[in-house]
Structure formats: C-alpha cells, structure tokens
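As written in TrEMBL, here are the features:
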DOMAIN    A:53-164  domain 'Primosomal protein N' 3' DNA-binding'
REGION    A:166-189  region 'Disordered'
COMPBIAS  A:175-186  compositional bias 'Pro residues'
BINDING   A:432, A:435, A:470, A:473  Zn(2+) 1 binding site
BINDING   A:441, A:444, A:458, A:461  Zn(2+) 2 binding site
REGION    A:646-669  region 'Disordered'
DNA sequence: AGCACGCCGACT
DNA sequence: GTCGGCGTGCTC
C-alpha cells in the first residue's frame with residue numbers, strides 16, 4: 001500500500017492525503033476490500049470501467065449522477081447498489097493536463113456500471129467501496145426518484161431517509177432463512193365490513209385491490225391489518241404497514257406475531273437503535289423477511305415482491321417526515337402502489353379529506369361497515385354546547401358541565417372513564433368571550449396568543465398586548481385558556497376523591513389501564529387502551545380544538561375525538577361520550593352521528609369550491625421579500641398556476657416547537673407566497689420550482705438569501 | 001454548500 | 001516582487 005501511494009507523485013497535498021488515507025484504512029479495517037487510495041495510474045476494470053454514482057449531496061443543482069472510473073481492484077465489489085466513497089468537489093479539478101487529488105471524500109451509491117461515460121473530462125476513480133452489500137436496488141432508486149420529483153427535492157435527500165445508516169456488525173451477521181408463505185386466513189372480523197371478505201380474498205389470490213377503510217371503533221383494527229398482511233403473504237408476496245407511532249406499531253407487531261409466529265416480520269421504528277434498525281432493514285432487503293411494520297421511515301422499506309402497502313391513521317401529523325423534502329406516508333405509499341401495482345389499504349377510525357378524495361376519484365374503493373354495525377360498535381355521543389355551559393354556573397366554575405359530571409359519575413360505577421383535554425401549548429386562536437370575534441393584534445392584525453406568564457402577545461409580530469378589548473363589541477374578556485392535563489387531574493381528583501386519577505401525556509404515556517374504575521386524564525393521541533374499554537369519555541375544551549387557524553382544524557378535532565371515543569365500550573354495553581363543544585358545528589355533528597366519511601366528503605366539496613388542497617395542489621415559497629420576488633419572477637410556472645401573496649409570515653410560532661421546514665428563513669422580513677395549480681398540474685409545478693431553485697443555487701454561490709420551497713405545506717389556514 | 005482559481009492592493 | 005483580499009465558477 002505504501003508503494004502504491006508513493007506513486008501519487010504530485011507534490012501538493014501528498015502528505016495530508018496519506019494521513020487521510022491511513023485514518024480511513026483504520027476506520028474500515030473490518031472490510032478488507034475497502035481500501036481508499038488515490039488509484040493514480042491504477043489499472044481500470046476491464047468489463048465496465050465506469051460507475052455511475054449518486055453522491056450524497058442534497059443540493060438541487062447537483063441532483064444528477066456523476067461518473068467515476070472503477071479501478072480493477074474494486075471491479076468485483078463495485079456492483080450497482082453498493083455504498084461507495086468518492087472524491088467530490090472543486091478540488092478534484094484538472095490542473096495542466098493532469099488530475100490532482102483534492103476535494104473531500106463523500107458517500108454515494110453506485111446506480112449503474114457502464115462501458116463508457118458521456119462526460120467529456122477525465123474521470124476520477126472511486127475512492128473506496130464501503131461494503132459489497134447492495135442496499136439500493138432499482139426499485140428503491142426509482143421510488144426515491146419519484147418521491148424527490150413529487151416534492152421538488154433532491155434524490156440524495158430522499159435516499160438519506162430511505163436507506164438507514166450502515167452498521168458494520170449488523171451487516172456481518174447473516175439474516176435468517178426466509179419462511180414459507182403462511183396459509184391464507186379466513187376473513188374473520190373483516191366480515192363486519194361490506195366487501196371486507198372480498199378484499200381479503202383478493203389479496204390472498206394475488207390481486208391488487210385499493211381501499212380506504214373506515215375501521216369500526218375498538219381494538220380489532222390491529223388484527224385486521226395483520227390478517228390483510230397474512231393474506232398477502234399467502235399469495236407469495238410481501239407486505240408493508242406504516243403506523244404513526246411506536247404504540248400502534250407495537251399493537252400491529254403483536255398481532256402479526258400472533259398470526260405468523262415469531263421472526264416472520266420486521267419491526268422498523270425510529271427508537272430501535274442503529275444496529276437493530278439496520279439489522280431488521282437488511283433482513284427485509286435481503287429477502288429474509290417479507291412483512292414489515294414500522295413508523296414513517298419504514299415507508300421506504302425495500303420489501304421484496306411487494307403485494308400490499310398499508311397506512312394506518314393517515315391524518316396523524318407524524319406521517320409527515322420532518323426532513324427535506326418532507327414526504328408524507330400516504331402519498332409515498334400511493335406512489336408505491338402505483339409503481340409496483342400492488343394493493344393499497346388506507347385505514348383509520350376517522351377519515352381525512354385526502355382519503356375521501358381517493359375514493360371520490362375512483363382510485364380506491366370504500367371499505368366501510370353498514371350503518372347498523374357502526375351504531376352497534378360506537379358509544380353513545382352527547383354534546384354540551386357553549387350556551388349550556390354558560391348557563392350552567394356551577395359547572396362553568398368547575399369547568400365540568402353537569403352532563404359531563406353525571407356521565408363520569410355513572411361511568412365510574414362500571415369501569416374507567418377517559419378525560420381528554422387538549423394539550424397546553426396547543427394554542428388556539430383567542431376570541432372575545434362575548435361575541436367570539438378573534439382577538440387580533442392592533443398593530444399588524446395577527447392573532448393574539450396567551451403567553452405562559454398569562455399575558456398576551458401577537459403570533460406574527462411578537463408585540464405584547466397589555467389592554468385588549470374587542471373591536472367589535474367592546475368586550476374585554478377572552479375565553480379561558482386551556483387547562484393542562486395535570487391541573488385537570490387535580491381538579492377531578494378533588495371532585496371524585498374516592499377514585500384513582502391517572503394521567504397520560506406527552507412526557508409520560510400510559511399504554512394500558514385496567515378495568516377497575518379510575519379517571520384517566522389524557523392529551524389527544526396519548527390515550528391508554530382500557531381493558532374491556534372505557535365506560536365513558538369526556539372530551540373537554542372542544543372550542544380549543546376547533547379554534548385553531550388551520551385548514552385542518554375541524555378534521556383534526558374530529559380525528560382526535562374519534563380516537564378517544566373509539567376506546568369506549570359500545571352503547572349496548574353502556575359506553576357514553578360527552579363532548580363539550582358547540583353542537584351545531586360540523587365536526588361535532590359528525591362525531592354524534594359517527595360519520596367521519598360524511599364529514600370528509602363535505603370538507604372535500606368545500607375545498608374544491610375554494611380551490612384549496614388537496615383538490616388543487618399548492619406549494620409554499622418562503623424567503624426574504626426581495627429574494628422571494630426575484631425568485632417568483634424567474635420561475636417558469638405552468639400556465640394554469642396562480643400566485644397568492646406574498647404576505648408577511650410569522651417570525652416564529654410560539655406555542656409550538658419550531659420544526660425544520662416550517663420556520664421561515666430570512667428572519668424579520670420573511671414573506672410567503674402560495675402557488676396554486678389545478679389538479680393534474682402538480683408534477684409540472686414541482687418541476688418548475690425545482691428548476692428555478694437549482695438555477696438559483698448554482699448562480700447564487702451561497703451568498704444569496706435562502707428561498708425555501710415546500711410542496712403541500714401543512715399550515716395554510 | 002465548499003473550495004480553488006484568479007486578478008487587484010499593502011507588505012518585507 | 002510576494003502575500004492575500006474575496007468575486008466567480010465548478011463539482012464526474
């Protein structure tokens with residue numbers, strides 16, 4: 001090795017080069033074939049001396065392949081799909097006829113081996129094959145490419161989400177032998193749904209049905225998913241299930257173990273630790289395991305011969321990745337179903353507008369239970385409106401209307417009672433207590449928010465408001481702030497001194513509670529499952545859930561209410577739900593009738609009328625005013641595109657932790673424009689924005705202000 | 001983004 | 001004469 005290096009000749013950088021090389025060699029000592037060197041003058045592979053490489057650089061103007069020469073020694077290992085390290089950067093440029101080594105070593109994947117390159121200049125050599133394990137096959141590459149295009153992002157960014165980081169030890173261990181397909185199941189509880197048995201039979205027969213499944217309340221859903229997976233495996237194909245969080249993943253995991261036995265499926269969750277995660281992922285990729293359940297990153301799992309993709313509870317915000325380009329599970333699985341011609345199952349107790357659209361467009365069939373089934377399985381839902389609450393003096397003081405009080409007391413005779421309270425910090429738009437006019441900043445008309453110290457400040461400009469009064473009616477009282485789970489628990493503990501009170505929230509999530517009477521105070525999404533179901537549930541502070549300035553506020557509130565109410569016994573068994581919210585509002589009525597699909601269909605019609613997503617496709621473009629204006633002038637939008645704004649955007653959004661991607665870049669003067677296109681022009685919109693962005697980056701050389709593009713922005717309320 | 005190239009002003 | 005400012009362009 002030293003003699004080979006000695007040949008690298010050129011005086012510049014020879015010594016640091018060798019040092020770097022030694023470090024690399026030590027680091028990679030476990031993989032004998034991976035020897036990073038300069039390969040100067042080394043013989044090239046005879047058959048296909050060119051490797052086409054996707055380099056791990058997320059920037060858009062580098063979103064293409066780069067060709068490298070394959071040294072003879074790496075010929076065998078440098079197969080398509082393997083991880084490599086290559087020199088990349090301006091340093092590796094031609095100097096007076098020769099080629100100087102320079103530029104950093106960066107990671108990449110070989111996508112193809114070719115006989116020749118269409119690049120005119122001299123090729124640099126692959127520095128190193130990190131491992132001969134192929135991790136990126138054509139199918140995953142194609143999917144990543146499609147996702148990148150869909151979201152106007154780069155292939156490298158998507159691959160970072162799709163291919164987990166390498167762990168050498170996990171790689172060195174063999175995966176188990178693949179198991180033979182299980183027998184096809186009988187439809188069991190799928191018979192509760194119209195055409196449910198037919199759906200399962202189609203999976204078992206190798207078909208590719210697509211369905212939006214409105215699950216009946218109760219704990220059956222996990223086994224119903226496991227059954228669909230079993231049916232698919234029985235047809236000799238693989239299956240992939242994506243759920244929003246670790247708890248539902250554990251439920252499906254248990255159901256799969258029950259049906260298939262141990263070791264027949266992989267569990268891919270973010271909290272598993274790198275080695276384990278990579279080991280499970282490799283077992284899938286190597287074809288040792290054909291079924292996968294996991295959280296959002298699992299949406300890319302390289303399941304062989306994919307026959308079915310499943311997403312559970314697609315309205316949950318955890319299904320949106322928080323790394324660029326922010327792909328969403330439902331959308332990615334739609335792409336996979338279309339690309340792989342496999343079955344698609346979107347299941348939820350509730351129904352998103354997007355799910356309703358899949359049905360309305362005819363892309364997926366509805367999988368629903370008959371009305372009587374639904375009525376039989378759901379609890380009795382009653383409402384307490386604001387008016388009732390206001391008249392109910394004592395209740396108002398205690399924040400617990402008489403009806404809710406009674407339901408709790410009655411329920412506690414028979415079992416646990418769930419109390420759902422919105423998260424503190426789940427800041428709603430504050431409004432006048434008398435006339436409900438939203439409270440606005442007197443300087444910029446932004447929405448006022450309650451600070452932790454009890455004061456008010458503007459969510460847009462951040463100015464404090466010391467003496468608010470309503471511009472409409474002169475009132476000076478705002479609606480009460482949301483009381484957190486802990487304080488609610490204390491209050492209830494005093495009200496029901498004989499009953500144990502337990503809380504489940506963000507910091508400490510309870511998984512299950514027993515069948516004994518207890519008050520269980522929980523924030524949405526953290527509700528424990530009760531053994532035998534809750535006797536009753538109280539859904540408090542509905543106004544806060546509904547009052548958020550967000551297009552999805554109604555749908556989200558309904559989803560969270562249904563998520564809690566689905567854990568309550570059916571009405572035949574005395575299950576009762578009391579929701580404290582205005583009974584005339586659409587989501588409240590949908591809960592009372594247990595009709596999430598009807599709600600979504602009406603929302604969809606309204607969105608179509610207003611030209612809102614998902615009926616139109618939107619992109620948000622955010623940046624400092626001047627840069628934004630310049631960007632919008634430069635971009636060649638499809639002819640049917642429409643630009644809304646730009647308008648000033650919030651500097652920060654207090655009450656919610658900043659997530660990457662929603663924080664507007666450019667500080668104080670950031671503005672946001674929305675670009676809207678009719679259905680069918682989404683791809684053209686993404687392409688146009690990406691082209692403009694790439695040109696900008698290439699031209700701007702860093703010092704230009706950042707303009708951020710986001711397809712399908714979440715917060716366009 | 002990095003990073004090196006190149007073409008202008010202060011320094012030993 | 002040479003060192004080094006950062007404007008400009010490229011990355012197989």
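Cβ atoms are placed via backbone N, Cα and C, with glycine included.
A TrEMBL annotation is a machine prediction, not a hand-curated record.
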Using Cα positions only, nearest of the binding-site residues to residue A:441 (Zn(2+) 2 binding site) (A:432, A:470, A:473): A:470
Report the DSSP secondary-structure composition of the domain 'Primosomal protein N' 3' DNA-binding' (A:53-164) as helix, strand and coil residue counts. 27 helix, 36 strand, 49 coil
Fewest other Cβ atoms within 10 Å: which of the binding-site residues A:432, A:441, A:458, A:470, A:473 wins that one? Let me know. A:473
With DSSP as the reference, give the number of residues of the region 'Disordered' (A:166-189) in helix, strand and coil. 7 helix, 0 strand, 17 coil
Whole-number Å only: compute the distance from the Cα of residue A:473 (Zn(2+) 1 binding site) to the Cα of residue A:458 (Zn(2+) 2 binding site). 20
Cα separation, residue A:458 (Zn(2+) 2 binding site) to residue A:432 (Zn(2+) 1 binding site) (Å, whole number): 15
